[in-house]
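**Student:** Per Swiss-Prot, the feature compositional bias 'Polar residues' maps to 245-257. The compositional bias 'Low complexity' annotation in Swiss-Prot covers 258-268. Residues annotated as phosphoserine in Swiss-Prot: S44, S82, S132, S135, S151, S154, S155, S172, S188, S232, S265, S287. Per Swiss-Prot, omega-N-methylarginine is recorded for R46, and the stated evidence type is similarity to another entry. According to Swiss-Prot, the region 'Required for binding to single-stranded DNA' annotation covers 1-318, on the basis of similarity to another entry. Annotation comment: Swiss-Prot describes 197-233, 245-274 as region 'Disordered'. Taken from Swiss-Prot, the feature repeat 'ARM 1' applies to 299-339. Annotated repeat 'ARM 2' per Swiss-Prot: 343-382, in sequence order, evidence recorded as sequence analysis. Annotated repeat 'ARM 3' per Swiss-Prot: 385-425, in sequence order, evidence recorded as sequence analysis. Residues or ranges marked as repeat 'ARM 4' by Swiss-Prot on the basis of sequence analysis: 484-530. Among the features that Swiss-Prot reports, repeat 'ARM 5' is placed at 585-625, with the record citing sequence analysis. Summarising the annotation, Swiss-Prot assigns repeat 'ARM 6' to 633-672. Residues or ranges marked as repeat 'ARM 7' by Swiss-Prot: 677-718. The repeat 'ARM 8' annotation in Swiss-Prot covers 721-763.
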Amino acid sequence: MAVPGSLAECGYIRTVLGQQILGHLDSSSLALPSEARLRLAGSSGRGDPAARSQRIQEQVQQTLARRGRSSAVSGNLHRTSSVPEYVYKLHVVENDFVGRQSPVTRDYDMLKAGMTATYGSRWGRAAAQYSSQKSVEERSWRQPLRRLEISPDSSPERAHYGHSEYQYAWRSHVVPGGRLTLPRYARSEILGLRQAGTARRPPGCGSFSDAVFDNGPLKPTMPTHPPGTSHSAGSLLEETTVRVSQARLQSTQSRTARSSWPRSSVRSSLREPGRMLTTAGQAAVGSGDAHGDRSVFADAQLGNADIEMTLERAVNMLDADHVPVSKISAAATFIQHESFQKSEARKRVNQLRGIPKLLQLLKLQNEDVQRAACGALRNLVFEDNDNKLEVAELNGVPRLLQVLKQTRDLETKKQITGLLWNLSSSDKLKHLMITEALLTLTESVIIPFSGWPEGDYPKANGLLDFDIFYNVTGCLRNMSSAGPDGRKMMRRCDGLIDSLVHYVRGTIADYQPDDKATENCVCILHNLSYQLEAELPEKYSQSIYMQNRNIQTNSNKSIGCFGSRSRKLKEQYQDLQMPEERSNPHGIEWLWHSIVIRMYLSLIAKSTRNYTQEASLGALQNLTAGGGPIPTLVARMVVQKENGLQHTRKMLHVGDPSVKKTAVSLLRNLSRNLSLQNEIAKETLPDLVSIIPDTVPSTDLLIETTASACYTLNNLMQNSYQNARDLLNTGGLQKIMTISIGEGYAPNKASKAASVLLYSLWAHTELHHAYKKAQFKKTDFVNSRTAKAYHSLKD
C-alpha cells in the first residue's frame, strides 16, 4: 500500500516491497532465545552466562557467514549506482567536450572515507552534480524501498546552464546567443486541421527520413509523417574511440582504458604522468598523417629492442605464422591507438585488409587478443561508414555476438558492445542489426541487467556491468529508428519493452532520473510509440478499436462541413467507452499503460537532462496523436488524472528550445480533445501567450514553436467565447497580429498559424465590441491574408 513520504521526500511516495524481498534478508537469527528456553538449556549444563555469550557469538558469526555467501552468489540485494565505475578511478579521466575539461577529482578511496564526490553527467548540455556521504559499500548494499507510482506534485529546481561550446562527430549549427547545439535526435510534427508539411531542418542536421538517427545529407524529397507525432530524426552518434596509453603499448597484459561513450565524440584515456590528455577536438587539429606519427615501443619478447612500429607492420603481424600471441595483441593494440585520433589511419588499415584479420582474431581463445581486436575494430569503424560496411559484409556481427555470449571478460564485452553501438549508427546496417543482434542483446544484456522479470533491481554481477548495459541501450536507441518494419520487430521482441520500463521505473524509484542509460531507454520507448495507432498488431486493433468501427456513421444528422474534423464526430469519438487496462501488461501493452504515462510525467518533472525530458514529452505527444480510443485515453489521463499540465507548462519556460517546442506540440495534441479544452485553457493560456515572440520569428525551431502555440490557442478559442475573452485580456493579440503580417509576401508557418487564429477569433460576435474598445478593427482579424490562411487549412 502506498504511503506518503516524509517532508524531505516531497513529490514522491513510498510503497512497501513484497514479502519475498524480506525473505532474502535472513537476519532473524540475531534474536536471542527466550529466557524460558535459556533456562531449559541450563538443565543441560549450558545455562551459565558464559554459555549464553558463546551462543550469541556463534549466531552472529553464522549470520555474517550467510551474508558473505549470499553476496558472492546472489545479486538480489545489490544495486548499481548511476555513477559508473570509472568515475571512481583516479587515474582515469574523461574529456567529453572541447572547451570544457572537468576531470574527476574524487576516487574510490575518498568515497570510502565518506567524502563528497561529484561528477559530470557527460550526456546532456549540463553537468549534473551528484554527491554521496556514504561509503560505496553502504550504497551498493542498500535495498531501495521506494517506487514512484504517480507524477510528483512539483518539479525540482531546474539547473542553470552556462555558455559552452561543444564539438561533435558531425556538423553542428549555431543558435542565437552563440551557443553551439547539436542537431536534435527528435523531430515533432503537430496534428492540425490537415496534415502539416515536413519541417525544415537546421543546417547540418541531415534529412527527415523515417530513420531516427540519420546523419546523411538532405534528400531531394522528404517523406511526410503522420501529423501530431514526435519523430526522431537526428543521429545518436557513435561510441567514442578509445585511446590507448603508451603504457598499454608496452604491456599487453594491462587493462584497456575505461571510458563512457556518450553520444558526442568523447575520448577517454588513461592518465599518463606529466602528459595532457588528448580529446577528439585536439586530435582533429593535430597531425593527421597516418605514417608521419610513428610509435616506438619496447616489446620484452623481442629482446627489449626498440622496434619502430607502423600500421603496415602491425597489420602483417596479425596473421603471420609463428607470431607469439603477445605480439599479436600488441599489434592490435597499436592499431587501436593509431586509429583513435587519425581518420587516415582508419582508411589505411582498411586498404591493408586489416579488418578481416582482426575479425579472424576473434576465434582465438585468448582474452587479451579478443579485447585488443575488438578495441581496434571499434576505433576503426568510428565515423567511417566504409569500415562499418566492411565489418558487416565479413559477417562480423554474428562473430562479435558469439564472443559476447562466450567471454567472461567485462572489458571485452564493453569493447564489443561499443563496437555494435558504432555499427548501429549506419542507416544501411540498422535492419541488419535488428535481424542479427536484437534478440541476443535483449536476452544477454537488457533482461538480466534490468532485473526483469524477477522484479529485482538493476544490478551488476560478474558477467555484466553498467557500461555494458549503457552501450547496448545506445545501440538499441539507434536501431529503434530503422523505420516501420524495425519498430514492429522491436515491439515484438519478448522482454525488451518490459525490461526497459522496469529499469526506468527503478531509477526513478532510486531518485536517479538523470541516469544516462535511462535517457537511452526512454528514447527507445519514444521511438517505439511513433505511429503506434497505425502499426498496432491486428489482435490489439481488433479488440481496442472495435468500438471505433461501430460509430454511427449512417446517422441522418449532419456531421458538419469539414467531415471528420467536425465537432459532432469528435464528440462521438470522445464519448466512446475507453478500453480497460490490463493489470499485468506485457510487451507492447506497456506503451500506452497508465504506469508508463506516470513514468513519463515523473521524468518530465524530476529529470534535468534535456534529452530525457524531450523524449518523455515526445512519447506522450505520439500517444496523444489521433482520434482513436488510445490517444483520447492518454489525453484524459495526462490532463485529468495525473495533473500532467503543471509539469508540461513548466517545460514551456526551460532554456532548451527543443524541449520547449515538444512541450507545445504535446499541448497542441491535448487541446484537440473538446472535453479538455477549458481545463487546458485555464491552466496554460498565459504560458502559451508568453512564449509567442514580440517580433516575427526567424529561426526554424522558433517558427515551429510559435506556430504550434498559435494552433493550440486556435483549438482552445474556437468553441469557447470565454477562452477568447481571456486571450484578449492577456494582451497578446498585438503580438499575434505582428506575426500574422509576417515578412511581406513570404509568410512562414508561424505567420500562417497566427492568421488562422485571428480569423477564428472574429467568429465570436459577442467580442466585437470588446475588440473595438481595445482599439482593434475588423480588418485586423479578417483580411485577404487571414482568410486565405484559414480556408487553406479547410481544403
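From the backbone N, Cα and C atoms, a Cβ is placed for every residue, glycine too.
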**Student:** At an 8 Å Cβ cut-off, counting only pairs 6 or more apart in sequence, do the repeat 'ARM 6' (633-672) and the repeat 'ARM 8' (721-763) clear the bar of 3 or more pairs?
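**Tutor:** Touching, no - the repeat 'ARM 6' (633-672) and the repeat 'ARM 8' (721-763) miss the threshold of 3 or more Cβ pairs under 8 Å.
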**Student:** Taking 343-382, 385-425, 484-530, 677-718, 721-763 as candidates, which has the most Cβ pairs under 8 Å with the repeat 'ARM 5' (585-625)?
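**Tutor:** Between the stretches 343-382, 385-425, 484-530, 677-718, 721-763, 484-530 has the largest tally.
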**Student:** Tell me the residue counts in helix, strand and coil for the repeat 'ARM 4' (484-530), as DSSP assigns them.
**Tutor:** 36 helix, 0 strand, 11 coil
**Student:** Mind checking how the repeat 'ARM 7' (677-718) divides into helix, strand and coil residues in DSSP?
**Tutor:** 33 helix, 0 strand, 9 coil
**Student:** Could you break down the residues of the repeat 'ARM 5' (585-625) into DSSP helix, strand and coil, giving a count for each?
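**Tutor:** Helix/strand/coil tally for the repeat 'ARM 5' (585-625): 33 helix, 0 strand, 8 coil.
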**Student:** Under the DSSP assignment, what numbers of helix, strand and coil residues are found in the repeat 'ARM 2' (343-382)?
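**Tutor:** The breakdown for the repeat 'ARM 2' (343-382) reads 34 helix, 0 strand, 6 coil.
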**Student:** Please work out the mean pLDDT for the residues of the repeat 'ARM 4' (484-530).
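**Tutor:** Across the repeat 'ARM 4' (484-530), the average pLDDT comes out at 96.
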